[in-house]
Amino acid sequence: MHLFNIIFSSLLLICTLLPLVRHDYWIFRVFDYPRIQKLVLNLIALSLWLLIDFSFSTVNLLFMLALLVNSIYLLSLILPFTPFGKKQVLAASNDLPEQSISIMISNVLEYNTNYSGCLKEISKADPDLVIMLETNKLWQQETSSLEQQYPYHVTVPLENTYGLFFYSKLKLEDTSIEYLVEDDIPSIHTKIILPCGQPVQFYAVHPTPPVPGENVRSTERDKELLLVADKAKVCNIPVIVAGDLNDVAWSHTTELFLKMSGLLDPRRGRGFFNTFNAYYPFMRFPLDHAFTSRHFKLRKIQRLNNFGSDHFPIYLSVQFEQDAEAEQKPLKPDADEVEEAEDKKAKV
């Protein structure tokens, strides 16, 4: 048991240390994801030392201290995304439907054939906007009925799991399909006109994840997100960025994106709202996001029902308010973070 505790604890400590290495290679970035899981396993390992293998030997004391410090560190990273954390996006206090917009983000899983389940979930949620990811020609064919409910739409069907559909009940203007970093990874950039007439700049994105079989490094993902961050930062109207970012809410890269863009995360102070992996409850992370500028307050955020995909859909409703900008403060980058962002954008 003593040897097992040493090996188990050592692996857990290594898994926490690896993401501290600011390298784009997947082995360093993939361990950004399971911080909740690492915290649970750390507490189990610490319990094993205390309850089963306790002694005052130097080795035991060092491992117990390391696991305790590690648990506190992991908890500090996760706590902002619980109800104990500070809210970045404040709750809307008034009901202003003419100034509101609701969004459903759904990575459908290209090989999933439960098209009717997807349509049923969209009908049930009845959002103003639907973003569908991993969509191909077959998904376009089987969900074409959405065009009746959503008169404004942009569809980019692809067979590489990076197809992107955008359906809107609200008027769209200045819409473009962009390939910011990779020739086969699209993003949709458009202006949405709220019922009150207020335009909102919207970016729908789905960069590649840093995992073997997809991309062995995070370079392309990080670069695309930071290029979008630059666009959001200089935009003179309200902004929303949404999609499957293939990054968790608490990662260094996501925080860097928020700092460089000036956008806010509605998850903070509310909950994890894990969207992936729908198949394995213990291995779930918040990968699908909607970030908003300071002009919005939150009406509702909710994880929706799965319909056969490996992702849960997520629903977000926000409200444009004149006083919101003064009441909500974004994260600010320091000089080192600005330099880091520039270095990431310069990589190819």
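Glycine residues also receive a Cβ, built from the backbone N, Cα and C atoms like all the rest.
A TrEMBL annotation is a machine prediction, not a hand-curated record.
What TrEMBL lists as transmembrane segment is 6-27, 39-56, 62-81. The domain 'Endonuclease/exonuclease/phosphatase' annotation in TrEMBL covers 111-311. Look at TrEMBL and you will find 326-348 tagged as region 'Disordered'. The compositional bias 'Basic and acidic residues' feature in TrEMBL is assigned to 326-335.
Here the region 'Disordered' (326-348) has Cβ contacts under 8 Å with residues 22, 24, 88-90, 219, 222-223, 226-227, 229-230, 255-256, 258-260, 262-264, 294, 297 of the same chain, all six or more residues outside its ends.
If one looks beyond the transmembrane segment (39-56) by at least 6 residues along the same chain, the residues whose Cβ comes under 8 Å of a Cβ in the stretch are 1-2, 5, 8-9, 12, 16, 63-64, 67-68, 70-71, 74-75, 78. Packing against the transmembrane segment (62-81) from elsewhere in the chain are residues 5-6, 9, 12-13, 16, 35-36, 38-39, 42-43, 45-46, 49-50, 249-250, 267-272, 286: each is 6 or more residues past its ends and has a CB under 8 Å from a CB in it.
Helix, strand and coil residue tallies for the region 'Disordered' (326-348), in that order: 14 helix, 0 strand, 9 coil [DSSP].
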